[in-house]
Amino acid sequence: MGGELVTGLGALRRRKRLLEQEKRVAGWALVLAGTGIGLMVLHAEMLWFLGCKWVLYLLLVKCLITLSTAFLLCLIVVFHAKEVQLFMTDNGLRDWRVALTRRQVAQILLELLVCGVHPVPLRSPHCALAGEATDAQPWPGFLGEGEALLSLAMLLRLYLVPRAVLLRSGVLLNASYRSIGALNQVRFRHWFVAKLYMNTHPGRLLLGLTLGLWLTTAWVLSVAERQAVNATGHLTDTLWLIPITFLTIGYGDVVPGTMWGKIVCLCTGVMGVCCTALLVAVVARKLEFNKAEKHVHNFMMDIHYAKEMKESAARLLQEAWMYYKHTRRKDSRAARRHQRKMLAAIHTFRQVRLKHRKLREQVNSMVDISKMHMILCDLQLGLSSSHRALEKRIDGLAGKLDALTELLGTALQQQQLPEPSQEAT
């Protein structure tokens, strides 16, 4: 990965080429990871429904899983090699050992470990009780505990999805994004792309995330519960239990019976709370007024509060006059009644004035930025026009000085020339 140093436009071309290669490698790695997970699901379901009748096909599926895993590990190494080359291009390095840090080596080894975990085709499937059920074990034979853990651990390969989405989003390949992000010190990583899609396509993102979590956790729960005593291992039951747990309702009609099933349900509840919070945030943002609607609403509320203030002030004057009138007539009962109405009118007037003041403060805080922008634009326009007028006046003054200099020079030359009579004498 070493070589001669490339600078300038060649470095930019090489960076773009490396990013394109990274995008293709990440895409193929995700395809191989998804293929391995699909083959793992196929192997588990074939073992459950078909048993030992299809042992040869089960062994063939496990061999295909191993083959896809080997290709996936090669692509992981190639991807990190491209990452090292990209780091060398950005920092002007020649030796790849300088670019390869201990943290990156640990990350590569961890990814190889995560992607290399799979059920190895070394022995025949565990189907001693396939197709038959006894009182001690009401379910047929299924995956062993170790093989089930290895199969479920293959779902950790889904960490490749954010990487592929980041490289496919075009953020890293867009020069405008990179330049503006560098000026504002913004790092374009996975969280930025997640926020970007949450702002542009919130409905699709939440729907895909929710359905993906439901289906994945439902299948994981069914695998964990299939050899339990209760009937929660059926996929139909888990497809009912997971959404109810995800939505934090929990009717209690279907419950997990194993420790792993309870852990899956607990994680599902936590994920449901997080997705519900995201959904509430998206819905709240969608229900907000836009700028034009907010201005119209505030304008109409301003008129409404001003009208209420006038009515409250008029009612206050009316009740004050009636209180004064009945006090002069010494009608204490009517005076007390109008005094109570006068105090109520004072309270109403104060409440309406407070609401009107809060509305004005809110409108001022909304208009501050746009108003400041307009003021700055007007100030810049005024300064530009004043500068141009000053330049014109300076140019005119310079022209007049040149003309005055020419006149003075001409006058001095005429004074220095002798008269003809003096030349004749």
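Using N, Cα and C of the backbone, Cβ positions are placed for all residues, glycine too.
Feature annotations, courtesy of Swiss-Prot:
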- 30-50: transmembrane segment (TRANSMEM)
- 59-79: transmembrane segment (TRANSMEM)
- 105-121: transmembrane segment (TRANSMEM)
- 141-161: transmembrane segment (TRANSMEM)
- 205-225: transmembrane segment (TRANSMEM)
- 239-259: intramembrane segment (INTRAMEM)
- 263-283: transmembrane segment (TRANSMEM)
- 284-345: region 'Calmodulin-binding' (REGION)
- His356: phosphohistidine (MOD_RES)
What does the DSSP secondary structure composition of the region 'Calmodulin-binding' (284-345) look like, as residue counts for helix, strand and coil? 56 helix, 0 strand, 6 coil
Report, as numbers and ranges, which residues of the same chain sit near the transmembrane segment (205-225): CB under 8 Å and 6 or more residues beyond its ends. 41, 44, 143, 148, 151-152, 155, 197-198, 232-235, 237-239, 241-243, 246, 256-258, 260-261, 264-265, 267-268, 271, 275, 278-279, 282
Cβ neighbour count (10 Å, all chains) around the residue listed as 'phosphohistidine' is 17
Intrachain residues whose Cβ lies under 8 Å of the transmembrane segment (30-50), provided they are six or more past its termini: 57-58, 61-62, 64-65, 68-69, 71-72, 75, 115, 118-119, 125, 127, 140, 142-143, 151, 154-155, 157-158, 160-161, 163-164, 219, 223, 226
What is the average pLDDT across the region 'Calmodulin-binding' (284-345)? 86
Which bits of the chain, at least 6 residues beyond where the transmembrane segment (59-79) starts or stops, bring a Cβ under 8 A of a Cβ in it? 22, 25-26, 28-29, 32-33, 35-36, 39-40, 42-43, 46, 108, 111-112, 115-116, 118-121, 124, 154, 157
So if I exclude everything within five residues of the ends of the intramembrane segment (239-259), which remaining residues of that chain have a CB under 8 angstroms from its CBs? That is, six or more out. 210, 213-214, 217-218, 221, 224-225, 228-230, 232, 265, 268-269, 271-273, 275-276
Indicate whether His356 (phosphohistidine) is helix, strand or coil by DSSP. helix
